[in-house]
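Per TrEMBL, the feature domain 'G-protein coupled receptors family 1 profile' maps to 53-302. What TrEMBL records for 39-63, 70-90, 110-132, 144-170, 212-233, 245-267, 287-304 is transmembrane segment.
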Amino acid sequence: MDINGLLPTMWMPPGQNQSWVSEFILLGFSSDPMTNRTLFSAFLLLFLSSVLGNGLIITLICLDTHLHTPMYFFLCILSLLDMGYVTTTVPQMLVHLLSQSQTISFAACWLQMYVFGAVGLTECILFVVMAFDRYVAICYPLHYTVILSWGLCTRLSAGTWACGFFFSLIHTFFTMRLPYCGPNMVNHYFCEGPSVRNLACMDTHVIEMVDLVISVFMVVAPLLIIVASYIRIAQAILKLKSMQARCKAFSTCASHLTVITFFYAPATYLYMRPNSSYSPEQDKQVSLFYNVFTALLNPVVYSLRNKDMKRAFLKVMGR
C-alpha cells in the first residue's frame, strides 16, 4: 500500500521537496538473535497466560448467573480491555523477534496507535466507574441494585468506550499527521505515540500540549475522582462497629486498588512528564509492564482474592 499517495499535499511545507516515509522500523528490545529467541519464549508465555486468564474471567462471568451483578459486569469489561491491550501489540512483537524484517506500514502504525490508545483511555475511565461501584456498594448497600441499575451500567459502559475511542482519535490524528521525512526507526516495540512523534521533522510542542490536555482529562482527573471515592469509602468503613465487617468491606476494594496502582503508576510516569526526560530504553520497560504484565496480573489478583470467582470456576469445572 503506497501511503505517500494518501498523504495530502498540504502537509508538505511550501517550497520543499521532501520524501515521506511509507513505513516505520520498530527496533524492539535487542538485535541479538539469541536474546530475541529467549524473549520470544518469555513473551509468548506471558501473552498466552494473559489471554487465557482474562478469557477465563469473561467465560465464568457469562456462564455463572450468580456473577451477573454490576461489579462483575465491569470486571468482564476490564478483562476484555486487557485482552485488547496485549493482542494489539504483543503478536506483532513476537513476529518481529523471530523475523529479519521489523517494519510496519504507515497505515498499520496508525491503526495500532489508535487501538492501543483507545483501549488504554477506556480503561482509565472504567476504573472510575468501578470505584463508583464500590462506593455505592459500601456507602449505600441497601440501595445498591436500585442506584446501579442495568440501564445505568450499560450507559456507563458505553460512555467509557466512547470517551476512550474519541480522545484516542484526537491523539492519533494529531500525531500521525505530522510530517515524517526520515529517519523512520522507532525505538520501541510498537507504535507508541511519543516514540513515533520524536521522528517528526517539525516542532511538536503544540502536539505535546494536546496530549498533555488529554492526559489531564483522561488520567489525572479520573485518578483524583478515584482517590476522592476511596476517601469516602474509608470513612464509611471506619464507621462500622464490627472489625469483621470492616475487614470484609476493605477486602472488596483491595483488588481494585491493587489493579489501579499497577495501571496508573507506569501510565502517569510515561504520559505526564516533559518530553525532555524521554528515555527510550527505560520507557520500553515501563510500557511493557503496564501493557503485558498488568493484563496478566489483573485476572490473578481478582481470581485469587475472590471467593465468588473460585466458586464459579469449580462449578463450571464440575459440569
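Every residue gets a Cβ built from N, Cα and C, even glycine.
Sequence-distant neighbours of the transmembrane segment (212-233) (same chain, 6+ residues past either end, Cβ-Cβ under 8 Å): 121, 124-125, 127-128, 131-132, 134-135, 138-139, 163-164, 167, 170-171, 249, 253, 257, 260, 264, 267-268, 271-272. Of the candidate ranges 110-132, 245-267, 287-304, 110-132 has the most C-beta pairs within less than 8 angstroms of the transmembrane segment (70-90). In this chain, the transmembrane segment (287-304) lies apart from the transmembrane segment (110-132): fewer than three C-beta pairs between them fall below 8 angstroms, excluding pairs fewer than 6 positions apart. Counting same-chain residues at least six beyond the ends of the transmembrane segment (245-267), those with a Cβ under 8 angstroms from any Cβ of the stretch are 78, 120, 123-124, 127, 130-131, 134, 137-138, 219, 223, 226, 230, 233, 236-238, 286-287, 289-290, 293-294, 297-298, 301-302, 305-306.
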